[in-house]
Ligand code: SAH
Ligand code: SF4
Ligand code: F3S
């Protein structure tokens, strides 16, 4: 999944109306909640569930932690620097807490799950530590803190999918939203902490996903991103109703199709696809529906089969290349992005060259690139020495980044001179004279505002020039 870092600015008008209808009662009425999220989209999506749970108990959200009664930080453990960022941020909360000793400070998410009660010893200002499967317990845990205790719940679950909780859309543009379709991961890639912080893989009830997509569409949203660590292994078997025949299990291709049928005006994106599991059936489904975006995030990690084996990715270089060829054959206009790790345990210079040659083979549209960071408790940490010196990891990373820069530019240049269907997401970061939105291939497109069109509309934009990250054009409707 793509990794994001930003502050959730928490206000959602519609939902607050709804919360009032629910007539919350109790001692949390009017208390102010601030949530900040780090890490992948799943964490951002979880923060929306947390907000929903607490708004139902009478909380209001705030954008300013200094005025909050409850400050939550939803954390990521994927690399050491992700954790360091969280610790630095906690330091900044110290002075706010000194001024307002009643303030509850909570750590949620993957770092909470990884460190558990240890967190309370390491960071004195923290009052409550809550893992990703325990958010329903938050109101109760906050009460414990109100009574003068510290509180921890890091139980992982085999069933929890929060399927019945309607997320409060935080920091939303009102156009695109995330929908979690599964939780956890069963893959055990040797470098990865996620199976330990997120627990076992489980898929969410298909009907609840479709209902959420429908409700978003009815509320004016025009794009949903289906989220899971490995969406291709989505599998939901509907419960058998009394007197009825058992229904067939729903796989990811079926799910994509069902969500695509909500409306042709609703764009569908998804992340992350695992190279070992992405099937031709999924590719044909993407090809068949105009509203399923022609964009696949297919993390390769390494281009070398020996390293892939050590990483326990369960595919090799040839398998990955075959999957890319299948994408090119079945969905010729599809964009492909990736994740790369440089300097994994024992990686030789020649093996690193194979990552570069894989990049030349695929010509990725986009990539997230990382130097290997050993995570305590993972298979790699137990089995292999983290033996590539930091400067070599970094030099290899620079080579990968430079190559990707060239490829991104090359890929985006092919969009110049062509017309793209773009969903207007908002104003461009640089100027409110320009709109921004993405084309089908997930390329950011910037174009002058045209009074005939508003945020949430589809427009046709002619690409006129580009940088390596943005296509610049004008509306031709
Ligand atoms: N489920 C997704 C990945 C989630 S983590 C998938 O299988 O692709 C996002 C990315 O972080 C991974 O793809 C990997 O490239 C990177 N990553 C994970 N653990 C890492 C580590 N220990 N050091 C460096 N990068 C890591
Ligand atoms: Fe981590 Fe691998 Fe699972 Fe992705 S598929 S979350 S990299 S264990
Ligand atoms: Fe996501 Fe980071 Fe956890 S990438 S699953 S928030 S470790």
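Just so you know, glycine gets a Cβ as well, placed from its N, Cα and C.
What TrEMBL says about a protein is an automatic prediction, not a curated fact.
Note that the coordinates shown come from a computational prediction; the quantities given were computed from them, not determined experimentally.
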> Need a hand: TrEMBL gives 76, 110 for [4Fe-4S] cluster 1, which of 40, 185 is also on that list?
Replying inline: 40
>> Between the Cα atoms of residue 189 ([4Fe-4S] cluster 2 binding site) and residue 40 ([4Fe-4S] cluster 1 binding site), what distance do you get, rounded to the nearest Å?
In response: 17
>> Based on DSSP, tally up the residues of the domain 'MTTase N-terminal' (31-147) by helix, strand and coil.
In response: 61 helix, 26 strand, 30 coil
> Counting other Cβ atoms within 10 Å of each Cβ, which of the binding-site residues 110, 185 scores lowest?
Replying inline: 185
>> Restricting to the chain of residue 192 ([4Fe-4S] cluster 2 binding site) and a gap of 6 or more, list residues whose Cβ falls under 8 Å of its Cβ, or answer none.
In response: 78, 185, 375, 378
> Going by DSSP, is residue 192 ([4Fe-4S] cluster 2 binding site) part of a helix, a strand, or coil?
Replying inline: coil
